[in-house]
Amino acid sequence: MQCALYDAGRCRSCQWITQPIPEQLSAKTADLKNLLADFPVEEWCAPVSGPEQGFRNKAKMVVSGSVEKPLLGMLHRDGTPEDLCDCPLYPASFAPVFAALKPFIARAGLTPYNVARKRGELKYILLTESQSDGGMMLRFVLRSETKLAQLRKALPWLQAQLPQLKVITVNIQPVHMAIMEGETEIYLTEQQALVERFNDVPLWIRPQSFFQTNPAVASQLYATARDWVRQLPVKHMWDLFCGVGGFGLHCATPDMQLTGIEIALEAIACAKQSAAELGLTRLQFQALDSTQFATAQGEVPELVLVNPPRRGIGKPLCDYLSTMAPRFIIYSSCNAQTMAKDIRELPGYRIERVQLFDMFPHTAHYEVLTLLVKM
């Protein structure tokens, strides 16, 4: 992938950009095999990759510069701002949005937040696109509600320029820390969620719910999990750390009983909406801590699917699963190091199948799907 920002030394986020994709995949596969070297693996499936540029469905832009000439991008470690509107990871559809946002920031008088001085209002611009219908969600992260009335007043101009903006919100993040969002979300549009479609499964994206940033690879990840589950004798499963329900909604059949657990209320609202649309009445989604939910249960289903954050599922959940011994565990991980550590804590299981998903090209990161079978 060619990137003028990288070539000019202005951005180093894509550290592997100079390596061809096949080389990147080889290095990631070697890393994964090294991490799982202590465990016999029955089947290594071929790694899955997607487009090498224009694949991201989300931009998280730090706003800096002045109200008349805002910059959208990032701050270097020394505080120097960098405009990243031309980043080739973003699809072409983002360019007109960035182009309209810059004059809009001036029109609405949204002074960029100055980290050094702790002054200003506009901290971040968060933009998400649904690939299924091209609808977009735009979030203004502000320090306070001081400029909210001005923003509302100027908004019709922006909406006229960009009819693809279906969901627009203001998020209030009052703390002087590098935190992307606060708890308060103020909707400026009637529509409150975007719909995305992967493999004919509707998935909803709300402002404060996590959603995979690489739709091409994420849709293949969910489809693969569905195919693996279809091959197993499973009538009851748990989907722990389920997010908006991507895995559970793909894996469920009309006669399957499924419980999805996720701590984030917004994500659970999305999952419930999808299940209702699909007419899957035996799916139950609850906003709870996944570990606390599981360890309080006196029995387990045949299959437990886990998709934890980078820290992994942790010892308490590993101990519980070892004791209760579901027949199958499917582990989806964005951090193979913690996954390998967790598998060590599941001594009664063997690795049936492993597949790498290149969700984050040009970086060392990747996603991995592993099927564990009780010995």
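Just so it is clear, glycine is given a Cβ too, placed from its N, Cα and C backbone atoms.
Record features, source Swiss-Prot:
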type: ACT_SITE; residues: C334; note: active site, nucleophile
type: BINDING; residues: C3, C11, C14, C87; note: [4Fe-4S] cluster binding site
type: BINDING; residues: Q212, F241, E262, N307; note: S-adenosyl-L-methionine binding site
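This view paints the features noted in Swiss-Prot onto the structure.
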residue : record                               : DSSP (3 states)
C3      : [4Fe-4S] cluster binding site        : coil
C11     : [4Fe-4S] cluster binding site        : coil
C87     : [4Fe-4S] cluster binding site        : coil
Q212    : S-adenosyl-L-methionine binding site : coil
F241    : S-adenosyl-L-methionine binding site : coil
E262    : S-adenosyl-L-methionine binding site : strand
N307    : S-adenosyl-L-methionine binding site : coil
C334    : active site, nucleophile             : coil
In whole Å, how far does the CA atom of C87 ([4Fe-4S] cluster binding site) lie from that of Q212 (S-adenosyl-L-methionine binding site)?
19
Residue among binding-site residues Q212, F241, N307 with Cα closest to the Cα of C14 ([4Fe-4S] cluster binding site):
Q212
So if I draw a 10 Å sphere around the Cβ of C87 ([4Fe-4S] cluster binding site), how many other Cβ atoms end up inside it?
23
Within the chain of C11 ([4Fe-4S] cluster binding site), which residues six or more apart in sequence place their C-beta under 8 angstroms from its C-beta?
C3, L5, M74, E82, L84, C87
Other than Q212, F241, E262, N307 themselves, what residues in this chain have Cβ atoms within 8 Å of the centroid of the S-adenosyl-L-methionine site's Cβ atoms?
F210, C242, G243, V244, G246, F247, A267, P308, S332
Taking the centroid of the Cβ atoms of C3, C11, C14, C87 ([4Fe-4S] cluster site), which other same-chain residues have Cβ within 8 Å of it?
L5, Y6, S13, I17, L84, P88, L89, H362
For C14 ([4Fe-4S] cluster binding site), the number of other Cβ atoms found within 10 Å of its own Cβ:
19
Could you tally the C-beta atoms, other than its own, that fall within 10 angstroms of the C-beta of N307 (S-adenosyl-L-methionine binding site)?
24
Sequence gap of 6 or more, C-beta under 8 Å: which same-chain residues meet both conditions with respect to F241 (S-adenosyl-L-methionine binding site)?
I261, E262, S290, V306, N307, P308, P309, I313
Distance from Q212 (S-adenosyl-L-methionine binding site) back to the residue listed as 'active site, nucleophile', taken between C-alpha atoms, in Å:
11
In sequence order, what residues of the same chain, 6+ apart, have a Cβ less than 8 Å from the Cβ of Q212 (S-adenosyl-L-methionine binding site)?
A218, L221, G246, M359
